[in-house]
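What follows is one structure encoded as structure tokens, with my remarks underneath.
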Amino acid sequence: MTYAVKEIFYTLQGEGANAGRPAVFCRFAGCNLWSGREEDRAQAVCRFCDTDFVGTDGENGGKFKDADALVATIAGLWPAGEAHRFVVCTGGEPMLQLDQPLVDALHAAGFGIAIETNGSLPVLESIDWICVSPKADAPLVVTKGNELKVVIPQDNQRLADYAKLDFEYFLVQPMDGPSRDLNTKLAIDWCKRHPQWRLSMQTHKYLNIP
């Protein structure tokens, strides 16, 4: 299949359980919860998204004719001769495009694969690290994985229900924006009252990591 990718870049993972880990980020274009266009935000299921996933005009972005072509670009960004290859498939919603041929090609190239998904679409069991960031008004079909990362606050959100799911790590992350300081306090207070949960911060924004 042809893969539409917004951007591909090498950096450090800034948030979640893998914060600080070097990774190639492959941001797929498109999402099933929002068109990505500002004029549609009020009608979106996810109205707080802070990511540009529209089109294929970002760094190293484009339309890739097959899995091998996409993997070649991803692999070309990893430091030459270095092991511990790791790619984060994100979006948008990566499960609109991430398929078994691409997973197989990435594994063949020596990459561990993480996915950042909203959890409303089934994921492939062959993915190495599953991070689900559920949206309160969207269906949640992925109920087990490695990491559940919940952005707070959201309307109609019930964190206590998420705690019953089958994940290794449970994280709350304060929503960015003008209320970030208040949201951070809410997240800290939640973790202190419910020790099953950990705090996730978007460290790349605080440290200006590109």
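Each Cβ is built from the backbone N, Cα and C atoms, and glycine gets one as well.
Feature annotations, reproduced from Swiss-Prot:
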BINDING   LEU12, GLN13, GLY14, ARG27, THR90, PRO210  substrate binding site
BINDING   CYS31, CYS46, CYS49  [4Fe-4S] cluster binding site
BINDING   PHE48, CYS49, ASP50, GLY92, SER133, PRO134, LYS135, GLN173, PRO174, MET175, ASP176  S-adenosyl-L-methionine binding site
BINDING   THR51  Mg(2+) binding site
DOMAIN    18-210  domain 'Radical SAM core'
Would you identify the secondary structure of the residue listed as 'Mg(2+) binding site' according to DSSP, in three states? coil
Find the one among the binding-site residues CYS31, PHE48, ASP50, LYS135, PRO174 whose C-alpha lies closest to that of THR90 (substrate binding site). CYS31
Look at the binding-site residues THR51, THR90, SER133 and tell me which residue has the greatest number of other C-beta atoms within 10 angstroms of its C-beta. THR90
Which of these binding-site residues has the least crowded Cβ, counting other Cβ atoms within 10 Å: LEU12, CYS31, CYS46, CYS49? LEU12
Measuring Cα to Cα, how many angstrom lie between THR51 (Mg(2+) binding site) and LEU12 (substrate binding site)? 17
Cα of LEU12 (substrate binding site) to Cα of CYS49 ([4Fe-4S] cluster binding site), in Å and rounded, measures 20
Which binding-site residues (GLN13, GLY14, CYS31, CYS46, PRO210) fall within 10 Å of LYS135 (S-adenosyl-L-methionine binding site) by Cα distance? CYS46
For the domain 'Radical SAM core' (18-210), the averaged pLDDT of the predicted model is 97
Within its own chain, what residues at least 6 apart in sequence put their Cβ under 8 Å from the Cβ of GLN13 (substrate binding site), listed in sequence order? ALA19, GLY20, ARG21, PRO22, ALA23, VAL88
Other residues near the substrate site, CB within 8 A of the CB centroid of LEU12, GLN13, GLY14, ARG27, THR90, PRO210? PHE9, THR11, ALA23, PHE25, VAL88, HIS204, ILE209
Between the binding-site residues GLY14, PRO174, PRO210, the one whose Cβ has the fewest other Cβ atoms within 10 Å is PRO210
For CYS49 ([4Fe-4S] cluster binding site), the spatially nearest of the binding-site residues GLY14, ARG27, PRO210, using Cα atoms, is ARG27
